[in-house]
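Novice: Here's the feature list from Swiss-Prot:
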type	residues	note
TRANSMEM	3-23	transmembrane segment
TRANSMEM	32-52	transmembrane segment
TRANSMEM	73-93	transmembrane segment
TRANSMEM	115-135	transmembrane segment
TRANSMEM	144-164	transmembrane segment
TRANSMEM	172-192	transmembrane segment
TRANSMEM	225-245	transmembrane segment
TRANSMEM	269-289	transmembrane segment
TRANSMEM	291-311	transmembrane segment
TRANSMEM	317-337	transmembrane segment
TRANSMEM	358-378	transmembrane segment
TRANSMEM	393-413	transmembrane segment
């Protein structure tokens, strides 16, 4: 038995929960540390980079799920660890004005938990999707699950932004507690009972060690080339993650709630960008994965250039440009995810989890690297330049990286041909 559309939707709810919790740490808490607490942007940048760096263990989670099974347990366990880490991170933000050293130690511990939680839950979930979804449904399954994740991010950011104003430590802790507890409960209900009904491959007599499994996947030319592309493009994608909200607060005067809402609107743009590609490919038969990846990269570059220009125009409206950035980010992301899901099922069988783990690690390392470099560069240049110029230089570098990623995509995705998202037929 393979996954049906209802089961795919249920697993997508887990992605929704992951996005809802993670956005608290990369958006709300990041903004509070930089603007309200006046801490250097490199501090939350380093913490977020730590949680991404720990996800280098994703290949190990993937290989374990390939050889041992019981992915459901690790999906739920990972979500519980992620939720605990996010709540402790919020507690640390509240403690910073009172006990800086203790708050920093608690923050480090919290983001370690976040990193392990996302790695365990996310990799096990994606491996379950890739291995139990029919090939003709994989790209559509990717679209559904990532749309739900972005929906969770956008709704959480918008809702939290609404209830966070006026800001108070007590209000922050209540909001984070509700979101994290709700995520654990919904994840458990969503994933429970799905895996036991699926067809299970016969386990290997001598399961490979991690390095052996990685060597097998790395020997596949397509998997290797896609890993390099994913690292470069995700570095571009995440370079602004930790500085866009501080930029809105410092240059445009946005409040804490307004910047959190801005993040929600950006992710709303991502949602509609993903939806556009899904409808264009599956319904209207317009374009290919390669074409949409390139479109997303180039459109993101143009939106970033607009954000740079607006910083030097008094009274300029930032929101439309940020929504545009989200829209083209969504176009890029869903096309790249479709290619990734398709490639996960190619090559040697019973290595879907290892491939997803390898690409998840590449994405996580790129996200941590991009976020930390972006925050550090902005901090450094703000010492010598006006805020608008300092942030603008980072956004400009991100725009250039997206152009390079578009050029690379023409080779990497073209090597697979013009793969299309399968049509979702009513009643399936």
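Note that Cβ sites are derived from N, Cα and C of the backbone, with glycine treated the same way.
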Novice: Rank 32-52, 172-192, 225-245, 291-311, 358-378 by Cβ pairs under 8 Å to the transmembrane segment (144-164) and hand me the top one.
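Specialist: Maximum Cβ contact count belongs to 172-192.
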Novice: Quick check: do the transmembrane segment (269-289) and the transmembrane segment (317-337) share at least 3 Cβ pairs under 8 Å, counting only pairs 6+ apart in sequence?
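Specialist: Counting Cβ pairs under 8 Å, at least 3, so yes.
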Novice: Give me the stretch from 3-23, 291-311, 358-378, 393-413 with the greatest number of Cβ pairs under 8 Å to the transmembrane segment (172-192).
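Specialist: By the under-8 Å Cβ criterion, the transmembrane segment (172-192) pairs most with 3-23.
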Novice: Is it the case that the transmembrane segment (3-23) and the transmembrane segment (73-93) touch, counting contact as three or more CB pairs under 8 Å in which the residues of each pair are 6 or more positions apart?
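Specialist: With 3 or more qualifying Cβ pairs, these stretches touch.
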Novice: Hey, which of 32-52, 225-245, 317-337, 358-378 has the most Cβ-Cβ pairs under 8 Å against the transmembrane segment (393-413)?
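Specialist: Answer is 225-245, with the largest number of Cβ pairs below 8 Å.
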Novice: What residues elsewhere in the chain lie close to the transmembrane segment (317-337), defined as a C-beta under 8 angstroms and at least 6 residues from its ends?
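Specialist: Those are 142-143, 146-147, 150, 230, 233, 237, 244, 248, 252, 262, 265-278, 289-290, 292-293, 295-300, 302-304, 306-307, 310, 413, in sequence order.
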Novice: Would you kindly check 225-245, 291-311, 358-378 and say which stretch has the most C-beta pairs under 8 angstroms to the transmembrane segment (32-52)?
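Specialist: Answer is 358-378, with the largest number of Cβ pairs below 8 Å.
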Novice: Under 8 Å between C-beta atoms and at least six residues away from its ends: which parts of the chain pack against the transmembrane segment (358-378)?
Specialist: 26, 41-42, 44-46, 48-53, 55-59, 62, 118-119, 122-123, 126, 214, 217-218, 223, 226-227, 230-243, 246-247, 340, 344, 390-391, 393-394, 397-398
